[in-house]
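Asker: Below are the features I grabbed from Swiss-Prot:
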type     : residues                                                                                               : note
ACT_SITE : Asp127                                                                                                 : active site, proton acceptor
BINDING  : Gly11, Arg72, Phe73, Gly102, Asp103, Gly104, Ser105                                                    : ATP binding site
BINDING  : Arg21, Ala22, Val23, Thr24, Lys25, Arg154, Gly185, Ala186, Asp187, Lys213, Asp214, His215              : ADP binding site
BINDING  : Asp103                                                                                                 : Mg(2+) binding site
BINDING  : Thr125, Ile126, Asp127, Arg162, Met169, Gly170, Arg171, Glu222, Arg243, His249, Met250, Gln251, Arg252 : substrate binding site
Amino acid sequence: MKRIGILTSGGDAPGMNAAIRAVTKTAIHHGLEVFGIRYGFAGLVAGDFVPLTTENVDHKISEGGTFLYSARFPEFAQEEVQQKGVEQLKKHGIDAVIVIGGDGSYHGALALTRHGVNSVGLPGTIDNDIPYTDYTIGFDSACRTAMDAIDKIRDTASSHHRVFVVNVMGRECGDIAMRVGVASGADAIVIPERPYDVKEIAETITRGFADGKDHGIIVLAEGVMTADKFKDELLKYGDFDARANVLAHMQRGGSPTVTDRVNATKMGNYAVKLLLDGKGGLAVGMENGQLSTHDILDLFDGKHHGDYALLDVNEEMTKY
């Protein structure tokens with residue numbers, strides 16, 4: 001193996017650049033050439049490749065987003081499109097690929113491996129919804145951004161004795177909502193994986209105001225319903241002023257946290273070593289604080305398990 005490629009796919013996440021940097025520097029240390037593939041699998045098929053050197057990645061560790069750019073490219077599920085991508089890799093002399101992204105990105109990495117190009121996947125998504133890893137690149141940064149935003153929302157909520165329903169990302173996974181909800185002292189956390197009772201939440205808010213509290217915060221994962229709809233449901237059971245706020249894409253931006261930088265660096269370094277050992281079709285994860293690997297195929301049948309005990313902790317916090 002003399003040359004490897006790296007791409008980012010799907011939604012961007014803080015820490016992707018740190019992973020790209022780690023892959024590049026590790027590969028060069030082991031005598032390999034590195035090419036960045038711009039715009040994900042779309043760029044792979046188009047042959048949009050750029051050489052990466054220590055000099056052009058070294059300062060990227062503190063930057064959010066992905067300087068290789070990203071794109072969603074569902075067409076890569078088609079066999080003939082995959083073959084075009086493999087032909088581009090052969091044309092450029094690239095022997096293996098590291099893919100950073102979420103579930104769809106892993107499908108692409110597995111397809112490349114099946115076509116004879118060893119590929120390793122790194123979990124890059126703020127949702128933290130990948131099976132067999134406790135952590136995905138970007139999750140910690142997204143939580144910090146959401147927490148900072150809710151701290152500011154609380155200031156204005158307290159000034160007007162208002163309730164805010166704050167919508168955070170997480171279509172099928174409530175990890176951001178749970179962690180941020182506990183960290184921001186939310187009155188309620190609502191996620192798609194667990195049942196909830198709007199009436200009980202309204203009663204909790206009402207009791208808080210009666211006890212002298214001057215605001216209410218509900219953290220709502222986007223996969224449950226819109227913040228506006230939840231607010232309207234809430235007001236059927238409570239006599240208070242309520243507003244909806246959607247944090248949306250701001251959660252993907254910003255400089256990555258220490259946790260994201262360190263873990264992305266460790267994962268990127270490890271991924272290169274897996275390729276050097278001739279391994280492919282693997283996903284790198286972090287389990288119990290340690291690097292781990294699983295066959296990508298296993299991820300498709302697996303299920304992410306969040307730290308749902310946080311809901312119980314937060315419920316106790318709201319009773320007093």
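Backbone N, Cα and C atoms are what each Cβ position is placed from, and that goes for glycine too.
I'm curious about the neighbourhood of these features; can you describe it?
Answerer: The DSSP secondary structure for Asp127 (active site, proton acceptor) is coil. Taking a C-beta cut-off of under 8 angstroms and a sequence separation of 6 or more, Asp127 (active site, proton acceptor) has the following same-chain neighbours: Gly102, Thr136, Phe139, Met169, Gly170, Arg171, Glu172, Cys173, Asp175, Ile176.
Other Cβ atoms within 10 Å of the Cβ of Gly11 (ATP binding site) number 20 in total over all chains.
DSSP assigns Val23 (ADP binding site) to a helix.
Under DSSP, Asp103 (ATP binding site) is assigned to a helix (H, G or I) in the three-state scheme. The Cβ of Asp103 (ATP binding site) has 16 other Cβ atoms within 10 Å, all protein chains considered.
Around Arg243 (substrate binding site), the C-beta neighbours below 8 angstroms that are at least 6 residues distant in the chain are Arg162, Val163, Phe164, Val165, Lys231.
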Asker: In the structure shown, which of the binding-site residues Arg21, Arg72, Arg171, Arg252 has the fewest other Cβ atoms within 10 Å?
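Answerer: Least crowded of the binding-site residues Arg21, Arg72, Arg171, Arg252, by Cβ count within 10 Å, is Arg171.
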Asker: These are the binding-site residues: Gly102, Gly104, Gly185. Which one scores highest on other Cβ atoms within 10 Å?
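Answerer: Buried the deepest by this measure is Gly102.
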Asker: Please identify which of Ser105, Thr125 has the densest Cβ environment, defined as other Cβ atoms within 10 Å, among these binding-site residues.
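Answerer: When each Cβ's neighbours within 10 Å are tallied, Ser105 tops the list.
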Asker: Quick one: of Asp187, Asp214, which of the binding-site residues has the smallest count of other CB atoms within 10 A?
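Answerer: Per-residue Cβ counts within 10 Å for the binding-site residues Asp187, Asp214 bottom out at Asp214.
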Asker: Would you mind pulling the longest C-alpha to C-alpha span across Gly11, Arg72, Phe73, Gly102, Asp103, Gly104, Ser105, which the record has binding ATP, in angstrom?
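Answerer: The span, Cα to Cα at its widest, is 13 Å.
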Asker: Where the distance is taken from Cα to Cα, which of the binding-site residues Arg21, Lys25, Asp187 turns out closest to Arg252 (substrate binding site)?
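Answerer: Considering only the listed binding-site residues, the nearest one is Arg21.
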Asker: Taking only the Cα atoms, work out how far Asp187 (ADP binding site) lies from Arg72 (ATP binding site), in Å, as a whole number.
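Answerer: Cα of Asp187 (ADP binding site) to Cα of Arg72 (ATP binding site) measures 36 Å after rounding.
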